[in-house]
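**Q** Quick paste from Swiss-Prot:
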type	residues	note
TOPO_DOM	1-608	topological domain 'Extracellular'
MOD_RES	Ser52	phosphoserine
MOD_RES	Ser55	phosphoserine
COMPBIAS	55-72	compositional bias 'Basic residues'
MOD_RES	Ser84	phosphoserine
MOD_RES	Ser150	phosphoserine
CARBOHYD	Asn171	N-linked glycosylation site
MOD_RES	Ser233	phosphoserine
CARBOHYD	Asn269	N-linked glycosylation site
COMPBIAS	303-313	compositional bias 'Pro residues'
COMPBIAS	379-392	compositional bias 'Polar residues'
CARBOHYD	Asn398	N-linked glycosylation site
MOD_RES	Ser400	phosphoserine
MOD_RES	Ser403	phosphoserine
CARBOHYD	Asn406	N-linked glycosylation site
MOD_RES	Ser556	phosphoserine
MOD_RES	Thr557	phosphothreonine
TOPO_DOM	630-637	topological domain 'Cytoplasmic'
TOPO_DOM	659-695	topological domain 'Extracellular'
TOPO_DOM	717-725	topological domain 'Cytoplasmic'
TOPO_DOM	747-817	topological domain 'Extracellular'
CARBOHYD	Asn776	N-linked glycosylation site
CARBOHYD	Asn786	N-linked glycosylation site
CARBOHYD	Asn791	N-linked glycosylation site
TOPO_DOM	839-861	topological domain 'Cytoplasmic'
TOPO_DOM	883-908	topological domain 'Extracellular'
TOPO_DOM	930-954	topological domain 'Cytoplasmic'
TOPO_DOM	976-1011	topological domain 'Extracellular'
TOPO_DOM	1056-1092	topological domain 'Extracellular'
TOPO_DOM	1114-1214	topological domain 'Cytoplasmic'
REGION	1127-1214	region 'Essential for cell membrane localization and transport activity'
MOD_RES	Thr1167	phosphothreonine
MOD_RES	Ser1176	phosphoserine
MOTIF	1211-1214	motif 'PDZ-binding'
MOD_RES	Ser1213	phosphoserine
Amino acid sequence: MERFRLEKKLPGPDEEAVVDLGKTSSTVNTKFEKEELESHRAVYIGVHVPFSKESRRRHRHRGHKHHHRRRKDKESDKEDGRESPSYDTPSQRVQFILGTEDDDEEHIPHDLFTEMDELCYRDGEEYEWKETARWLKFEEDVEDGGDRWSKPYVATLSLHSLFELRSCILNGTVMLDMRASTLDEIADMVLDNMIASGQLDESIRENVREALLKRHHHQNEKRFTSRIPLVRSFADIGKKHSDPHLLERNGEGLSASRHSLRTGLSASNLSLRGESPLSLLLGHLLPSSRAGTPAGSRCTTPVPTPQNSPPSSPSISRLTSRSSQESQRQAPELLVSPASDDIPTVVIHPPEEDLEAALKGEEQKNEENVDLTPGILASPQSAPGNLDNSKSGEIKGNGSGGSRENSTVDFSKVDMNFMRKIPTGAEASNVLVGEVDFLERPIIAFVRLAPAVLLTGLTEVPVPTRFLFLLLGPAGKAPQYHEIGRSIATLMTDEIFHDVAYKAKDRNDLLSGIDEFLDQVTVLPPGEWDPSIRIEPPKSVPSQEKRKIPVFHNGSTPTLGETPKEAAHHAGPELQRTGRLFGGLILDIKRKAPFFLSDFKDALSLQCLASILFLYCACMSPVITFGGLLGEATEGRISAIESLFGASLTGIAYSLFAGQPLTILGSTGPVLVFEKILYKFCRDYQLSYLSLRTSIGLWTSFLCIVLVATDASSLVCYITRFTEEAFAALICIIFIYEALEKLFDLGETYAFNMHNNLDKLTSYSCVCTEPPNPSNETLAQWKKDNITAHNISWRNLTVSECKKLRGVFLGSACGHHGPYIPDVLFWCVILFFTTFFLSSFLKQFKTKRYFPTKVRSTISDFAVFLTIVIMVTIDYLVGVPSPKLHVPEKFEPTHPERGWIISPLGDNPWWTLLIAAIPALLCTILIFMDQQITAVIINRKEHKLKKGAGYHLDLLMVGVMLGVCSVMGLPWFVAATVLSISHVNSLKVESECSAPGEQPKFLGIREQRVTGLMIFILMGLSVFMTSVLKFIPMPVLYGVFLYMGVSSLKGIQLFDRIKLFGMPAKHQPDLIYLRYVPLWKVHIFTVIQLTCLVLLWVIKVSAAAVVFPMMVLALVFVRKLMDLCFTKRELSWLDDLMPESKKKKEDDKKKKEKEEAERMLQDDDDTVHLPFEGGSLLQIPVKALKYSPDKPVSVKISFEDEPRKKYVDAETSL
C-alpha cells in the first residue's frame, strides 16, 4: 500500500523533462500562468458571468474516447506545475518564453562557446573524444589533412539533419537545471534517467559510462606540448581574460557546486544512518506525512534523485522508473526513433531549504573528517592531462568545498590567444557525438546545468559548461551523427534559440525554439548551390530583434527595420527649452559635472597619445598659416605668434570647461574675410583697427551670453541631417581644395623649366644683373642702405641677395620670379601624395592579416603620426630643399606698436563703441552657426556618446574666450568641423574580443578632455620647439589636410546618393531608404541638396564669404519647404524629422493611442477569445466593444447572439 501511494505521487510520463524547481518546488498552489502573463503586460479582461443553467452551452455527447482525449490534452499542457497557454505558432511561444523574467540569475543568457567532440580511435588503439569543430559566432572546423583550424565560415546545415535533431529532442532525454559538479556525476545522472525511461539497457550502462568519460583531446594540445608549463590559479587568468565574477554571476557557481557535492556525500551515507530511502522520499514528496511531526523530529536527510544522486543509489532510480503509461503522439520516423512509447520520466528535485537544513547538522560532524579526492572543478576521468591533480587530495569538504585558489589549470595546454576572443562571462556548450559497437539504437541527452560548472579538460578553454548534448549510436552512421551535432551547435549560436535554451522550462519549449528556427531558415536548391563551399562571414550581421516582436492578432508584424523613424531629431534633454534664465546652462553643468573626473581617468590609453600627436601636427599648420594670412591682411597687427597664443589659450580653456571637449577649435575662412573687410574699413576711415575689433569682439561675446541665457541653442533641433551634411561636405571639400591649391602654389615658388633641351644643358645659366629702369622705391632703398648700382658686384650675388637689392635675373635657366629650381616641386608632389596614401593605408592596417591584433591596432592608432615621422626622415635623408614649417622663435607681439592688452576705445571716437554692435550681430550669427553645427555633427547618435552634450556650455565658453581674445588682440577661434570629426574618428573604441570571423563592434568614442587639452598645451609650447618643428616639410602637412578632408567624407550620405546617378538599378547597394522611397524622389532630394552645396561653395570662395553663416541658416528654411514635396515617411528615411508644434504633437499622440488600442483588440475573425478552466471558450465580438482612450476603461458588452441578450462587464487593463 505504501508503494502504491508513492507511485501515485511520482510524476508520470506526460509531465515534461527533468526540471529543478529550486525553492518553488514546495509551492503547490502557485498560479504560474498568471505570474508569467503579468510580466508580459498582457491585456486582461475580467468577465462576470451569472451562474445559471441557461447560460451554459450544451454539447453533443461524443463518446468516452473523445473526453479521454480532451483530458489527456489538458494534462499534457500542464508543464512543471504550471498551465501553459495555448499558442498558434512556435514563434508566439518563443516570444512568450523570451518575455519571461526569472528572478534567479541561472536563467540569464550568457555568451556561449560551443565545442563539438567526436568519439574516435587514437592511433588505432583506444577511443578518445577528439575536438572536430567549434563555434563562437561562426563555425571553425579542424581540417582533415592540415592539422589546423579552418577559416571561420557561416554554417550551412541540411534540412534533414535539423528534422533529425528535432526528433532527438522529442524522443531523447532532456534534463534541465541539473546540479552536478563533475563529469562523473553528470554521466551517472543521465544514465540513471535513460535506464529509468527505458532508453538504455542497464546491462550496457558501464560501457556507455566508460565511453562518456574517455579522455578529451583538443586541437591546440599539439601546439603547446613543448611549451614550459605555466601553472597559475584560475582566479589570476580571470582577471585578464575573463570576467572576474564569472562563476559568482552564474548563480554562485562554486558554492552551488559545493552544495551539490555535499548533497551527494550525504546521500551516499544513507545506509550509515539507517534511514530508509523510501521513507525519505515520501517525506519530501508527501507534505501531509510531516504535518503532525514536531520540528525537532523532522527528517533531516536529503533525498537522492536521478539528478543529484551518485551511482550508489540504484534503488531510487528503479523507483522513479515506475510510472503510468500513456500513448504519445508518434514523431516522424527519422534517424532517431523513440525508445519506447513513453517520454522519459520527470523527477522533481527536493526543496533547497530542506537540503540545507539536512546538511546543517551533518557539516558540523564531518567538517574535519571528509576528504574529497576528485575535487570540485576537476575530474580525473574527464581530463587526466589537463589538470594539476597534485593538490586534489588537499581540497576539503569543509563547507567551502573547492576554491579557485586550490583549483589549478595547466595553462600550458590552453590557447590563450583564442581565450582572449571569448567574451567576459561566457559559458560553454559541449556537443558529444560518436558511434560505438555495443549500441543497437541511438541514445540522446540534452542537459542544462544550474549553475554552470568548470569541467576542466572537457573544453579547450577554461570556461564553465552550461549545456551538454550527447548522441551515441550504432556504427555506420557517423556522418549523420556529425551533421546532427553541427545542427545543435549552430542552433546554440543562433541568438533566439540561445535565449530559449537558457529560459526553457520543458521539452516543448526547446521544440518550439527549433520550430521557430525552421520557420526562419532558407533552403537552397541542391542543383544551384554546392554545400561544400564555405560562405565568408558577413561584414555586418542582421539584427534578430524582429523575431522577438509578437505578431498582432490581425496578422501584421511590426518589423524594426520597416517602420519609419518617428523619434524627433535631437530629442534629447540637452535641447529642451527650460523657460528659465540660464536654465539650459545650469542643466548642462549638472549633466557634465559628474563626469569631470572621469574625463581625465578615461584618457589613460595609448589611443589618446596617438590622437594627441596626430591632431597636434594637424592643427599646427592651419593655425600658423591662418596667422600668416592674417598678418598679410592686417600689415602685421595680428600674425603667427598671436595666432599660436590665441589658439593655445582658447583651446585650453575650452577643453577644461566646455560641455563637449571632443570639439576642436580652429580658425575659419569667414572670420578671415571679416578681418580683411574690417581692416580695410578702418584704414579708409583712419580708425584704430585693434580698438574697433576689440569693441566688436566684446559686443559679440555679450550677445553670445544672451543667447545662452535665453536657451537659444534649443533652436539647433531644426538643424537636420540635410543641413549637417551640406555644411560638413562643404568644409571637407574646402580642406581638399585648399590642400591641392597650396600644392599648386608651390609651382610658382619653385618653378621648373618645361622646355629643356637636353643637348644644351651645359649652356644654361641664370645670373643676377642690375635693373635697367630702377623704380623710385628701389632707388629709395639703395639710398637708405647707402649704396649705388655701380658699387654692387651683381654677378656674384646669391639669389636671396639679388632679390633683396631688387636685381633682375637673366639667362636661359631663369623663370618669371627667379632661376628655375630643379626637383623641389616634384619632390613636394611625391611627399604630398605619399603622405596621403600612407596615412590611409596605415589607418586601415587594423583590418589586414599581418602581425598580431595588438600590433595592428597600435599601428592604426598612430597612423598619421607614423606617416609624418617616416616622411620627415625620408625628406631629411634625400636632402632635396623642400619648404619647411616656420614657427616664430620669440614670444612677443609681431607689431612693435602694440601690446598684449588692447583698449576697446583707443584713439577712436566714442560712438564707435555703439556702432560696433551692428557688425557684432553678424559676427554672432557666424560664431553661433559654425559652433552649433559642428557640435550637432559631433553629438550624432551614431557616435554613441554616453556623457551627454552641452550646447549651452559650449557656446558660453566660446563667447567668453572670444571676449578675452578681443581684449588681448588675438584671433577669434570657433569649432573647426573637419578637425573635430578627425578628433572623434581617432578616438573610436571597438570591441576587443570579437569572435573569429566577426567584425569588431563599434562601442563608442573615448570621451575625455585630455587629448584636446594636451593638443593646445603643445601648441602653446611650439615656440620653444622650433629646433624640431623646422624639419617638417609643408607638403607633408598638406597631405595630412587631404587625408582629413577625404576621411571626413566617409559616412556622409549625400555622396552615397550621388553615386546612385551612375548606377543601374540592379547594381545599386541595398540601402535602407531605397526600399521605401522611389528612386526618382531620392534623386530629387540629392539634386536639391547638391544645389545648396554649390551655392554655399560659391559664396564661401567669393568676396561675400562674410554672409556665409546666413546662407547656412537659409538651409533650414529650404529643408522646411521640402515638406511640401515629400511625405513625412519619405523624409524620415532620407533625413531627420523636424520638430512640430506642441498641438500637433498632442493630436498625433492621441491618434496613435487610438490606433494601438484598436489594433490590440482586433483579431483575425474580429473576436476576443476568453478560455476558462473547464475547457469552455467565451467569444466576444469586437464590434460590441466600445473603447475610448480618454474615458475609464470599463465598458458594457452586449451579446446579441444570446437568447436573453445578457450584458457582461468587461474591465480592460491596457
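FYI, residue positions are counted from 1 along the chain as it appears here.
Cβ atoms here come from the backbone N, Cα and C positions, even for glycine.
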**Q** Counting Cβ neighbours within 10 Å across all chains shown, tell me which of the recorded positions Ser150, Asn171, Asn776, Asn791 comes out on top.
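**A** Within the set of recorded positions, the most crowded position is Asn171.
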**Q** By a simple count, how many Cβ atoms lie within 10 Å of the Cβ of Asn786 (N-linked glycosylation site), its own Cβ left out?
**A** 7
**Q** Looking only at the topological domain 'Cytoplasmic' (839-861), how are its residues distributed among DSSP helix, strand and coil?
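**A** DSSP composition of the topological domain 'Cytoplasmic' (839-861): 18 helix, 0 strand, 5 coil.
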**Q** Please give the sequence-distant neighbours of the topological domain 'Extracellular' (976-1011): residues at least 6 beyond its ends with Cβ less than 8 Å from one of its Cβ atoms.
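**A** Counting only partners 6 or more residues beyond its ends, the topological domain 'Extracellular' (976-1011) has Cβ contacts under 8 Å with 136-138, 140, 151-153, 418, 420-424, 536-537, 539-541, 595, 598-600, 602-603, 605, 607-608, 610-612, 614-615, 618-619, 622, 655-656, 661-668, 727-728, 731-732, 735, 861, 930, 933-934, 937-938, 943-947, 1044-1045, 1047-1048.
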**Q** Go through the chain and flag residues at least 6 beyond the ends of the topological domain 'Cytoplasmic' (630-637) whose CB is under 8 A from any CB in it; none is fine as an answer.
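**A** Counting only partners 6 or more residues beyond its ends, the topological domain 'Cytoplasmic' (630-637) has Cβ contacts under 8 Å with 643, 672, 675-676, 679, 689-690, 894-895, 898, 969, 971.
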**Q** Three-state secondary structure of Asn776 (N-linked glycosylation site) from DSSP?
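**A** In three-state terms, Asn776 (N-linked glycosylation site) counts as helix.
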**Q** Under DSSP, is Ser150 (phosphoserine) part of a helix or a strand, or is it coil?
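**A** SS state of Ser150 (phosphoserine) = coil.
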**Q** Going along the chain, which residues at least six beyond the ends of the topological domain 'Cytoplasmic' (930-954) come within the CB cut-off of under 8 Å?
**A** 570, 572-575, 584-585, 587-589, 591-592, 595, 598-599, 654, 657-660, 662-663, 668, 670, 708, 711, 713, 716, 719, 723-724, 727-728, 974-977, 980-981, 984, 1002-1005, 1007, 1051, 1109, 1112
**Q** Within the topological domain 'Extracellular' (747-817) only, compute the mean pLDDT.
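**A** Averaged over the topological domain 'Extracellular' (747-817), per-residue pLDDT gives 76.
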**Q** Would you identify the secondary structure of Asn786 (N-linked glycosylation site) according to DSSP, in three states?
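**A** SS state of Asn786 (N-linked glycosylation site) = coil.
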**Q** Round to the nearest Å and give the CA-to-CA distance linking Ser150 (phosphoserine) with Asn171 (N-linked glycosylation site).
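**A** About 34 Å separates the two Cα atoms.
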**Q** Take the C-alpha atoms of Asn786 (N-linked glycosylation site) and Asn776 (N-linked glycosylation site) and report the distance between them in angstrom, rounded.
**A** 15
**Q** Would you mind listing the long-range same-chain contacts of the topological domain 'Extracellular' (883-908), meaning Cβ under 8 Å and 6+ residues beyond its ends?
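**A** Residues packing against the topological domain 'Extracellular' (883-908) from afar: 620-621, 624, 631, 635-642, 644-645, 687-688, 690-695, 698, 746, 749-750, 828, 966-969, 1022-1023, 1025-1026, 1029-1035, 1037.
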**Q** So which residues does the topological domain 'Cytoplasmic' (839-861) touch in its own chain, when a touch means Cβ under 8 Å and the partner is 6 or more beyond its ends?
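**A** Non-local partners: 606-607, 610-611, 867, 986, 1039-1040, 1043, 1046-1047.
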